[in-house]
There are 2 protein chains.
Amino acid sequence: MTGDDRFGCNRHVTLPGPLRLDGGMLLSPVEIAYETYGTLDADGGNAILVCHALTGDQHVASEHPRTGKPGWWTRLIGPGKPIDPARDFVICSNVIGSCMGSSGPASVNPATGRPWGMAFPVITIRDMVRAQGMLLDHLGVARLKAVVGGSMGGMQALSWAATFPERIAAAVVIASTARHSAQNIAFHEVGRQAIMADPKWQGGDYYGGEPPAAGLAVARMAAHITYLSEAGLTEKFGRRLQARPGKEDGTKSFGFDADFQVESYLRHQGLAFVDRFDANSYLYITRALDYFDLAEEHGGLLANAFRDAPTRFCLVSFDTDWLYPTSESRAIVQALNAAGAPVSFVELSSPYGHDAFLLDAPEMNRVVDGFLKGGR
Amino acid sequence: MTGDDRFGCNRHVTLPGPLRLDGGMLLSPVEIAYETYGTLDADGGNAILVCHALTGDQHVASEHPRTGKPGWWTRLIGPGKPIDPARDFVICSNVIGSCMGSSGPASVNPATGRPWGMAFPVITIRDMVRAQGMLLDHLGVARLKAVVGGSMGGMQALSWAATFPERIAAAVVIASTARHSAQNIAFHEVGRQAIMADPKWQGGDYYGGEPPAAGLAVARMAAHITYLSEAGLTEKFGRRLQARPGKEDGTKSFGFDADFQVESYLRHQGLAFVDRFDANSYLYITRALDYFDLAEEHGGLLANAFRDAPTRFCLVSFDTDWLYPTSESRAIVQALNAAGAPVSFVELSSPYGHDAFLLDAPEMNRVVDGFLKGGR
């Protein structure tokens with residue numbers, strides 16, 4: 001594939017579409033930012049699609065061009081890792097609705113020549129998956145060895161198995177769920193209201209001006225709490241106070257500065273996020289997550305989503321994940337069993353809550369490695 | 001006490017003070033809004049202080065003068081209830097820092113003749129308790145039969161036992177904790193940042209103008225999620241959609257309206273709250289809660305807070321309360337055991353999470369009733 005500029009890091013393609021969305025609208029063109037690693041086998045049998053989470057991006061195993069940070073899942077993908085570009089052809093694309101180069105509210109609306117803003121159509125997880133399907137066509141990948149994802153990435157893997165069963169041999173679904181719960185929706189709604197309450201949001205029409213950074217930071221702070229476990233927060237911060245000039249041991253200010261380290265950490269998380277993410281994209285992707293209910297798309301019975309699917313499944317949950325707890329994975333396993341689909345499932349122990357899938361998790365690596373090798 | 005205008009509903013007293021606060025400042029005068037029910041015995045032995053939670057008020061068993069709603073704990077206090085004004089002399093006062101008539105950021109700063117705003121001193125749970133002590137002096141109540149409270153009210157009951165052991169025969173501590181955890185602090189910090197991000201907050205100097213309603217509503221929404229259990233939210237709302245004119249069965253809007261009932265409910269909680277609560281008071285009281293760590297006030301050992309206390313304790317937790325989970329009550333019980341203090345403890349089953357203590361809880365009533373009778 002040398003010289004084929006469809007492959008490599010920092011790729012971008014504008015596909016004519018149209019992509020028919022679950023909401024009924026036709027999206028055209030469909031822009032997709034993506035990366036590939038490794039080389040597609042002649043028989044096309046080594047392609048693995050990796051799907052990112054809410055605020056993730058396509059730079060799964062390469063340095064982020066703007067922040068200079070390493071790829072977000074180099075613990076799982078890289079030389080000697082369970083997904084290895086020396087063996088596997090790896091694809092990761094930015095989901096539509098996002099803001100890292102794929103079509104989203106910050107993209108140009110061809111009808112107006114200006115950013116879509118809130119005129120961008122509401123999209124679903126399945127729409128993201130359909131756009132990925134178009135990208136695979138563009139890349140000449142007929143069938144995937146596996147779709148792998150954590151959190152929202154796991155939802156995409158599930159949706160792949162349900163939407164394109166003939167194109168996917170295996171799905172790895174980590175720290176995920178087949179539907180957003182009332183509590184999941186509630187947390188997202190707090191975030192959306194925080195953004196929309198920011199006067200700078202301007203109904204989503206802030207491009208070219210100042211973004212609703214304060215609202216987005218609050219949204220991120222609220223969400224971030226759900227990514228960590230109570231025990232993890234206690235271990236990492238407890239009630240420890242923030243050192244200050246002249247007060248290195250930390251004392252209460254009897255004011256509203258960030259006295260506690262956990263306050264300072266959260267504020268930092270909020271502020272750092274607004275530099276790298278678009279507030280409208282946050283609205284659209286949280287909406288897609290809240291709309292996600294794979295059973296509902298299949299007559300109310302989750303097993304129907306996987307009926308007669310030729311896909312093997314691997315599910316991993318973490319015992320301290322309270323965003324998408326083990327019970328959600330277990331419900332998926334039961335549906336897969338009912339559908340007669342082969343599934344392996346393990347709950348791993350970790351102090352880190354939902355974030356565990358992005359952190360050092362040797363057991364997770366072993367499970368994924370064994371599962372992917374088992375399919376050869 | 002007929003004709004004594006210190007007693008009855010909707011009372012207000014301005015005490016000269018000064019009240020020396022934990023932060024070092026002297027508060028003067030000290031205004032306290034309160035209510036009393038029943039008649040103080042000649043020997044003064046039937047007085048019960050009821051302490052309210054974060055956003056509560058003094059109208060514990062009487063109709064709220066503005067909203068017309070019944071008192072917030074009429075399930076526990078009233079004719080034939082565990083706390084019965086026919087037998088008990090009941091006192092409930094608005095905590096300082098709040099906005100229902102006691103000294104707080106919306107009160108007039110005597111130095112300027114204008115509302116304190118953020119010049120109001122940061123207060124602690126112990127400061128609230130000391131102000132209640134001054135109120136008891138004013139009412140001629142030397143010693144309390146019991147201090148009873150849930151959530152922040154329970155913290156006050158604990159602080160009473162630690163601060164004025166000679167003035168309190170029994171403490172009833174429901175759905176509470178002896179210290180705020182990192183996760184508790186994190187949620188409150190989200191709320192504070194939401195308020196302070198609202199341009200209408202104006203550094204707290206918004207009195208006479210428009211309050212930071214949008215920020216306060218977001219703060220309330222985030223907090224409200226922590227008051228409910230995941231299972232309770234699922235039972236009450238699940239993923240059910242909101243009925244709309246012409247779409248009574250509920251369909252997805254593919255927009256950003258409140259599609260889900262849980263979204264609508266949360267928005268309503270946020271909006272209703274801003275009508276009845278002052279944003280600055282929310283900042284001050286959440287700060288007092290986050291600062292609360294009874295062990296820290298006693299050399300780092302919780303048992304020291306209760307050493308040689310003549311107080312009997314009753315602790316109640318709810319199994320689905322993830323704000324102040326049973327483990328927190330258990331830690332208090334262990335400290336009380338270590339201190340040799342008599343304590344009865346029960347974890348009750350409820351689907352309602354933290355809010356359970358304010359809802360219909362017949363078992364809680366039986367426990368409190370038995371405990372209070374046991375002390376006679």
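Just so it is clear, glycine is given a Cβ too, placed from its N, Cα and C backbone atoms.
Model, not experiment: these values are computed from the prediction.
Under the heading active site, nucleophile, TrEMBL lists B:SER151. Annotation comment: TrEMBL describes B:ASP321, B:HIS354 as active site. Annotation comment: TrEMBL describes B:ARG220, B:ASP355 as substrate binding site. What TrEMBL records for B:47-360 is domain 'AB hydrolase-1'.
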Those residues of the chain, 6+ apart, with a Cβ under 8 Å from that of B:ARG220 (substrate binding site): B:GLY191, B:GLN269, B:GLY270, B:PHE273, B:VAL274, B:PHE277
Candidates B:ASP321, B:ASP355: member of the recorded positions with the richest Cβ shell (10 Å): B:ASP321
Cα-Cα distance linking B:ASP355 (substrate binding site) and the residue listed as 'active site, nucleophile', given in Å to the nearest integer: 9
B:ASP321 (active site) and B:HIS354 (active site), distance between Cα atoms, whole Å: 4
Alpha-carbon spacing, B:ASP321 (active site) to B:ASP355 (substrate binding site), which is rounded to whole Å: 8
